[in-house]
Amino acid sequence: MNRANDTSSNLKLISLVVLIVQTTALVLTLRYSQTQKSEGPRYLSSTAVVCAEIIKLITCFFVIYRNNGYRFSGMLNELNREIFASPQTRADSLKVAVPAIMYVIQNNLLFFALKKLDAATYQVTYQLKILTTAIFSVTMLGKSLHRYNWMALILLTAGVALVQYPSGDSTTSKSTAAEHDASDNILGLGAVLAACFSSGFAGVYFEKILKTSKVSLWIRNIQLAFFSVFGALLVCWLYDWQAISDDGFLRGYNGVIWIVVLLQAYGGLVIALVVKYADNILKGFAVSLSIILSSFTSWLVLGDLTITTTFAIGATVVIFATFLYGHEPKSTPAEAHNA
């Protein structure tokens, strides 16, 4: 039993560290791709999402193929047994469509919010997803959070908001905000809040599926990627169809962009590992720390970021919140007696 607990703890730690490294590498590669001078049109992020989901599918198929002794028939038998064999397995597979659909809704809400809000309001408000994730973890998974945990989550939300706050000229921010009237702001805030709840619900729902089912992580990722591909293609059609028609699906792609796509694809698999062996709340802390690490590295190496006082305060708050969340409060004599 202790060996199983040790293995689970090791997998939790390893998956969190890998997530921090992967997210940091992804952000830095994205920043580097923005500094590249390229002839012709830039690549479309919507098509990159489609490519990433397809790569996830191929990778998961290969892992199952390998686990079955590199036998194609063995892979097909496992897929049939876990996904198609009975009405129960088919219904179970459809459960994964819920987070996939929620992610599509979330992305569309964020597209809408970006058109209605200035960057500062959008970035700060969207950090509420940290709190909605915690709320759904308590209500859907029965997770118990101490007051120290809630304090840490509130501080984390505030710290990430400060880190992500745009560092541009204040007069520019004011003029940009002035372009949006009151009704735009209300609609934009409503869209961001809805996206926060969508993000929290989808993440925790997928966590519940992973932790309450005997279906392998790779099968679950195949199911999620399958539904996500259709969602990503829908976004391409809604927002970038004209550009794709004019310049092609892979317009603007080069070596760096393909690295971004690969990091995005395998990042999705790492997130699934984190959700299975840790949880969505710890995932939020890992991603927050990677934002700070990538920003600092970008300032140090690429020189495309200015470290402001706001960023420094936010980074300090995030680090403090991380330690506070890991704080184990001493039990009172009464609690110790009851235990």
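Placed from the backbone N, Cα and C atoms, the Cβ positions cover glycine too.
Per Swiss-Prot, these features apply:
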TRANSMEM  44-64  transmembrane segment
TRANSMEM  94-114  transmembrane segment
TRANSMEM  148-168  transmembrane segment
TRANSMEM  186-206  transmembrane segment
TRANSMEM  224-244  transmembrane segment
TRANSMEM  255-275  transmembrane segment
TRANSMEM  281-301  transmembrane segment
TRANSMEM  305-325  transmembrane segment
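Here the transmembrane segment (255-275) has long-range neighbours at 11-12, 15-16, 18-19, 22-23, 25-26, 29-30, 32-33, 36, 43, 48-49, 51-53, 55-56, 59-60, 203, 206-207, 210, 217, 220-221, 224-225, 282-283, 286, meaning same-chain residues at least 6 beyond its ends whose C-beta is under 8 angstroms from one of its own. Counting Cβ pairs under 8 Å to the transmembrane segment (44-64), the stretch among 186-206, 224-244, 305-325 with the most such contacts is 224-244. Long-range Cβ contacts of the transmembrane segment (148-168) within its own chain (Cβ-Cβ under 8 Å, at least 6 residues beyond either end) map to 119-120, 123-124, 127-128, 130-131, 134, 281, 284-285, 288, 291-292, 295, 305-306, 308, 310-311, 313-318, 320-322, 324-325, 327, 329. Residues 31, 148-149, 151-153, 155-156, 158-165, 167, 281, 285, 288-289, 291-292, 295-296, 298-299 of the same chain lie 6 or more positions beyond the ends of the transmembrane segment (305-325) yet place their CB under 8 Å from a CB of it. Using a Cβ-Cβ cut-off under 8 Å and counting only residues 6 or more beyond its ends in the same chain, the transmembrane segment (224-244) has close neighbours at 41, 44, 46-47, 49-50, 53-54, 56-57, 60, 96-97, 99-101, 103-104, 107-108, 111, 206, 251, 268, 272.
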